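What Swiss-Prot records for this protein:
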- 89, 92, 94: Ca(2+) 1 binding site (BINDING)
- 117, 205: Ca(2+) 4 binding site (BINDING)
- 132, 134, 136, 138, 143: Ca(2+) 2 binding site (BINDING)
- 162, 164, 166: Ca(2+) 3 binding site (BINDING)
- 119-152: domain 'EF-hand 1' (DOMAIN)
- 149-184: domain 'EF-hand 2' (DOMAIN)
- 185-213: domain 'EF-hand 3' (DOMAIN)
- 214-248: domain 'EF-hand 4' (DOMAIN)
C-alpha cells in the first residue's frame, strides 16, 4: 500500500479456458455477448512491437485517471489497447494476479528460446502488489499498460544479452543486461540480486529476470518519490517501513 502510493505520488475460469486456444491451432472460445476473449488477449500480447533493445530509464507510471476519460492525444494504437483491456478486465476494469499469470505464461509459450519455469501465482501477486496504487489487489489500465511496456522492453534486452542463445543469462551477461535496462548497481547489490534471483550456477531465467526488474523499478521509483529534497536520503517510520516491505 505504502509503496504503491509512493509510486504514484512523484471472469478467471472463463479466461483460463479461452487462453487455452491462444497461440495454438484450436478455435477461440466466445463468451456470452460475442466477446472473443482469445482475440482480446492476443491483441494485448501483440500491442508492443518487437523493437530493438535500447537504454531504458525507469519513469513513474501515469497517475490513475478515470477509465472513461480518454485523452485526445492518445494514439489509435493506445485506444485499441484500451478497448481490448476493457473487455479483458471485466466490470471492475482491473486485471488480477491470476489473469496476469495466464497472460504472461501464454506469452512465454510463444517464445521457446526463453528459458523459464513460468510465472507463478505468487510471483504475479508480487508484481501486482508493487504496481497496485489503490490497494485493490489488481491493476488498472494505466498500471497494466506501464507494466506491459516495461516487460516488452526488458524482453528485448534479455534476448540481446543472451548471446550464446542458451535461453538464460549467465553472470557475465547479466550485469550488462541490468545496465542496459537502466540500472547502475554497485557490486554488493549485484551479488545480492544474483543470490536472490539466479540459480546455483549464477544463471537467471526469463521469469526471474522480469521479477527482478519489476522490483528494482518499483523500489527506485518509490525512493525517488520519497526523496523530496533530492539529497539521496529518506526517513520513514516503522509503520511506513513495514508497509513498504510487506506489500511488495
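From the backbone N, Cα and C atoms, a Cβ is placed for every residue, glycine too.
The structure, with features from Swiss-Prot marked on it.
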residue: 92; record: Ca(2+) 1 binding site; Cβ contacts under 8 Å, 6 or more apart: 136, 138
residue: 94; record: Ca(2+) 1 binding site; Cβ contacts under 8 Å, 6 or more apart: 136, 138, 139, 140
residue: 162; record: Ca(2+) 3 binding site; Cβ contacts under 8 Å, 6 or more apart: 113, 168, 169, 173
residue: 164; record: Ca(2+) 3 binding site; Cβ contacts under 8 Å, 6 or more apart: 170
residue: 166; record: Ca(2+) 3 binding site; Cβ contacts under 8 Å, 6 or more apart: 115, 203
residue: 205; record: Ca(2+) 4 binding site; Cβ contacts under 8 Å, 6 or more apart: 114, 115, 116, 117, 167, 168, 199
Packing count at residue 143 (Ca(2+) 2 binding site) (other Cβ atoms within 10 Å of its Cβ): 24
Binding-site residues compared (117, 132, 134) - highest count of Cβ atoms within 10 Å: 132
Residue with minimal Cβ packing [other Cβ atoms within 10 Å] among the binding-site residues 136, 138: 136
Between residue 89 (Ca(2+) 1 binding site) and residue 143 (Ca(2+) 2 binding site): CA-CA distance (Å): 13
Summary of DSSP states over the domain 'EF-hand 4' (214-248), given as helix, strand and coil counts: 22 helix, 0 strand, 13 coil
Residues of the domain 'EF-hand 1' (119-152) by DSSP state, where helix covers H, G and I: 23 helix, 1 strand, 10 coil
DSSP three-state assignment (helix, strand or coil) for residue 94 (Ca(2+) 1 binding site): coil
